[in-house]
Amino acid sequence: MSQVTENKVISAPVPMTPLQEFWHYFKRNKGAVVGLVYVVIVLFIAIFANWIAPYNPAEQFRDALLAPPAWQEGGSMAHLLGTDDVGRDVLSRLMYGARLSLLVGCLVVVLSLIMGVILGLIAGYFGGLVDNIIMRVVDIMLALPSLLLALVLVAIFGPSIGNAALALTFVALPHYVRLTRAAVLVEVNRDYVTASRVAGAGAMRQMFINIFPNCLAPLIVQASLGFSNAILDMAALGFLGMGAQPPTPEWGTMLSDVLQFAQSAWWVVTFPGLAILLTVLAFNLMGDGLRDALDPKLKQ
């Protein structure tokens, strides 16, 4: 009898760690795994672009203007994806453009997330007049088209990568404020918060130590989706001439510079467009997987 009991104890399943549980639910979404693999590849290219890119992104080959990709007639293996109207290698510019796009996306998400979380915690925890003021400002910002608002801000401060990133941060801010506030309103009346308040915990400890960790799941999902929105909006600003300025290798600017050659040299617009499309799609797929892995309702 004791032998049977011992065997049962030994064969009991080992509980998963939080990281193992997260990966268990995340990998069930095959699209999210594909998106993660693509993002890792793009991140690798962005980090090591200096070493793996064939040429400097600003280097011009005047004897190979609008050269087609290597597999087309007239193409060359020296320029695998062809060249643009001034002889710059398209593949090299795409690789360096990945670095800029990911950097801007990261900057926008981090800044908007930090400011949005702080404002959302204040609005949800204190309520009353403070909540009304913050949320009415947020409502006004959400009433304006996001890209139009970003264009106006960049036009005021001048077109540049930094100003475009700050404008996109301002545009993305309301989403994090509302999401954080909604999560705080759910948590603020729970027993553990009340007990902590009775024990003498101050407002700062309540907001950032007790409540904030329980609001992370929806914020992580929104940050993933916000990353793709930042890349897409940055490309749109670059396309309109309000983002990165030539000759900076940025995907939207690459499209804007060669738009007049779209019919005669399809590769100069197709490859930057595909880079934007696939990167945005990959982050959106990752966002779906993160939601599946972090939302308790979807785990059931």
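From the backbone N, Cα and C atoms, a Cβ is placed for every residue, glycine too.
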Annotated transmembrane segment segment (source Swiss-Prot; candidates 168-188, 231-251): 231-251
Swiss-Prot topology check: Asp84, Met254 same side of membrane: yes
Surrounding residues of the transmembrane segment (137-157) on its own chain - C-beta under 8 Å, 6+ positions past either end: 163-164, 166-168, 170-174, 177-178, 233, 236-237, 240, 242-243
Taken over the topological domain 'Cytoplasmic' (287-300), the model's mean pLDDT: 72
Counts by DSSP class (helix H/G/I, strand E/B, coil) across the topological domain 'Periplasmic' (53-101): 12 helix, 4 strand, 33 coil
